[in-house]
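Straight from Swiss-Prot, the features:
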type	residues	note
TRANSMEM	8-28	transmembrane segment
TRANSMEM	37-57	transmembrane segment
TRANSMEM	66-86	transmembrane segment
TRANSMEM	94-114	transmembrane segment
TRANSMEM	158-178	transmembrane segment
DOMAIN	202-288	domain 'RCK C-terminal 1'
DOMAIN	292-373	domain 'RCK C-terminal 2'
TRANSMEM	383-403	transmembrane segment
TRANSMEM	406-426	transmembrane segment
TRANSMEM	447-467	transmembrane segment
TRANSMEM	478-498	transmembrane segment
TRANSMEM	540-560	transmembrane segment
Amino acid sequence: MNINVADLLNGNYILLLFVVLALGLCLGKLRLGSVQLGNSIGVLVVSLLLGQQHFAINTDALNLGFMLFIFCVGVEAGPNFFSIFFRDGKNYLMLALVMVGSAMLIAMVLGKVFGWDIGLTAGMLAGAMTSTPVLVGAGDTLRHFGLPSDQLAQSLDHLSLGYALTYLVGLVSLIVGARYMPKLQHQDLQTSAQQIARERGLDTDSKRKVYLPVIRAYRVGPELVAWADGKNLRELGIYRQTGCYIERIRRNGILANPDGDAVLQMGDDIALVGYPDAHARLDPSFRNGKEVFDRDLLDMRIVTEEIVVKNHNAVGRRLAQLKLTDHGCFLNRVIRSQIEMPIDDNVVLNKGDVLQVSGDARRVKTVADRIGFISIHSQVTDLLAFCAFFIVGLMIGMITFQFSSFSFGIGNAAGLLFAGIMLGFLRANHPTFGYIPQGALNMVKEFGLMVFMAGVGLSAGAGINNGLGAVGGQMLAAGLIVSLVPVVICFLFGAYVLRMNRAMLFGAMMGARTCAPAMEIISDTARSNIPALGYAGTYAIANVLLTLAGTLIVIIWPGLQ
């Protein structure tokens, strides 16, 4: 039996879609030196090649893909979006505006100089910025802009062509820039990271190991009684001196949880909780007492939970003000926008921040109730909230404004982005509402993006040869300019106008470009994860601004004719 693969694919859109995705994802795993192609560019290249052979896909699949992607981007940005606007994120907001605004302006100037249409110009901007939100925003606005069908088809083809030609240029140039730009300034990033670490009392070791606290029991001997000198536990401040705290005391056979007024006595058995290295550093006064094994004394359930910051008595306060150790809990990690932050006593907490805390289950629960809630380790997604806010986003996108003879529609991209932000924001404030496991959110976002990339590649593939011959060289040069010049402008603005610490600044610049590979290089150069503070500050707002940039460049373009 002979199987005509071409006829089989042309007759089955679903099969064609998943063949493109599978081949593209395989291609995306290839590496060019230290640079991995990535899923987006892999799927785009395969779809362009198959598009040249006149394979096509239903446009409804393409639209659903971009809608899912942009909605999930909003959900991820939601918890931190408003805090960046309304509190101490002014510098991060300004950096993101400078980065995105200068890139959009340069792209429009180059588009006019080279005589491109809006499709090539917006596609080049999206590729040079390695930003699929720009591509999604521009594509959605073009579809609702009232263009004639033939002009719309050409603009959409040019949009994906410009993105495909400049994406790798944008990615590689930014990675190279992240590696060598720090060496061109007077301050090296390692020194800058150490400086801010000294100022804030940070742990500069990005490879800091995290252990679960352990519990050990000791019998109070004469050395420890002499060391205590009659002071109660509150006056002794045992945790500050040893890194351990006393969880339980057995005295005269009676087991009790001590309060701050308790005084150690000869013959007491005490249960100390702390990290292994803290036990190893215990003062000889403790070690000279006999270590004991008491099943009841050591019977304690140590748990590690992720606590989401929500309550007003924690939001806006510094980490040190929580006094977690005073409540018998140990902080392991601080996570913001999926980025692990340095454990900094001066970090101001935002709604939606995640604190990984270890300690006795009862104590951890008490701390969680005080500052927020324990993240639900559930595999069940609140599909009702997901669908409801998705519908709201589509309805917002239908709103249009009329100015004389000119009409402007919000569009699906902006509507879904706003609805996603609201869902993410509400989720950060209400633990039982709108829960979406991070794995599920990542899967839907990635799948939506891959479907969208497959669709635009297949639709643009037929004309790629003509496009390469006509504008290929111009595109590569323009992509390099749009990729690097805004980064230089942003650096000058942050260094000499905002006077930011260099390590924080470079992290914020990579966040404004939403480029995780470049962020890894900055962290390696600084030998610290301190730049992650800056990256997390600009990342959420940059995702939103880049989507709006794709919409704005399409709206502004006709006025430049």
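Note: Cβ is positioned from N, Cα and C throughout, glycine not excepted.
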Rank 94-114, 158-178, 383-403, 478-498, 540-560 by Cβ pairs under 8 Å to the transmembrane segment (37-57) and hand me the top one.
158-178
Please check if the transmembrane segment (158-178) comes into contact with the transmembrane segment (540-560), where contact means 3 or more CB pairs closer than 8 Å and the residues in each pair are separated by 6 or more positions.
no
Quick one: find which recorded stretch in 94-114, 383-403, 478-498 has the most Cβ pairs under 8 Å with the transmembrane segment (540-560).
94-114
Go through the chain and flag residues at least 6 beyond the ends of the transmembrane segment (383-403) whose CB is under 8 A from any CB in it; none is fine as an answer.
67, 71, 74, 409-420, 422-423, 433-434, 436
What is the average pLDDT across the domain 'RCK C-terminal 2' (292-373)?
83
